[in-house]
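Visitor: Below is the structure I would like to discuss, written out as structure tokens.
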Amino acid sequence: MMQRCLRLPKLLALRRDLHLAQVERQAVVTEAPEAEPQDAFERQYFKERIEISPFQRVFLAAGSSIAALLDPRRHDMIACLGETTGEDALWTILDSMQASEEGQRIMADKPRIHTSTIDFKYLETLPPDTFGAAYVKFLKDNQVTPDSRMAVRFLEEPKLAYLMTRYRECHDLIHTVLDMPTNMLGEVSVKWVEALNTGLPMCYGGAVFGAVRLRPKQRRAYLKHYLPWALENGKRTKPLMPVYWEKRWEQNIHDLRSELGITVLNKA
């Protein structure tokens, strides 16, 4: 009994030392400076990022959702809504990127899709049944440009900011591989596929509330053909965010669709 009593102060002192050591380690981690940006995207993003509080995030999410509903042409509000409501979905997307070799390369390279980064003259020389040629045709037919996407501003984590940027810049590529135009019927259908594929809340909002703006004839076609097609493809298609589209320009577009599990809607 005497030996146990003599050991007790030593044990208490040991526990105290271990506790102090743990506190010191936590203090070192807490006081460590923020890691330096690792690449050009992160360096630029930290310069342009707008820091907001949790309250401001909720306020922006509510305000942008109302503004987007009142005027769907407010792309700035739609972009704000995507950033203030999509963080959980973006973390899930990041997991899928890291689980894929192709996705890992995207996160390492952080490619951008602009007229300054894509050789469109080269894409125009590709055979018409390639993905690159189909993309150029889509841009011309719908009179759109890859330079029209808004910059991400409100996400704290730069990796998530890149994923949101990547989602926006790949939107027209998704249209291309799905063979959907940019009219309201096509946009709503693509939004359903994107919603089910990415889990982003703004995509669900665009799909649900965008359908309200369809004209009667469009709504009948939507309910009979487009919606069932979009739901089926959204559930069946492989994750689209980890696809390194820029490495697929020369791939036969029919083979690409088959690989991803995409079927094209017969619009006849």
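Each Cβ is built from the backbone N, Cα and C atoms, and glycine gets one as well.
Below, the features straight out of Swiss-Prot:
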type    : residues                       : note
BINDING : His171, Asp172, His175, Glu187 : Zn(2+) binding site
Visitor: Other Cβ atoms within 10 Å is the metric here; tell me which of the binding-site residues His171, His175 scores highest.
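Guide: Counting Cβ neighbours within 10 Å, the top one is His175.
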Visitor: I want the residues beyond His171, Asp172, His175, Glu187 whose C-beta is within 8 angstroms of the mean position of the Zn(2+) site's C-beta atoms, in chain order.
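Guide: Apart from the listed residues, the neighbours are Val144, Leu173, Ile174, Met180, Thr182, Gly186, Val190.
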Visitor: Taking DSSP as the reference, which of helix, strand or coil describes His171 (Zn(2+) binding site)?
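Guide: In three-state terms, His171 (Zn(2+) binding site) counts as helix.
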Visitor: Which chain-mates of Glu187 (Zn(2+) binding site) that are at least 6 residues away have a CB under 8 A from its CB, listed by sequence?
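Guide: Looking at Cβ-Cβ distances below 8 Å from Glu187 (Zn(2+) binding site), excluding near sequence neighbours, one finds Met180, Gly206, Gly210.
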Visitor: When a 10 Å sphere is centred on the Cβ of Asp172 (Zn(2+) binding site), how many other Cβ atoms does it contain?
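Guide: Total other Cβ atoms inside 10 Å, all chains included: 20.
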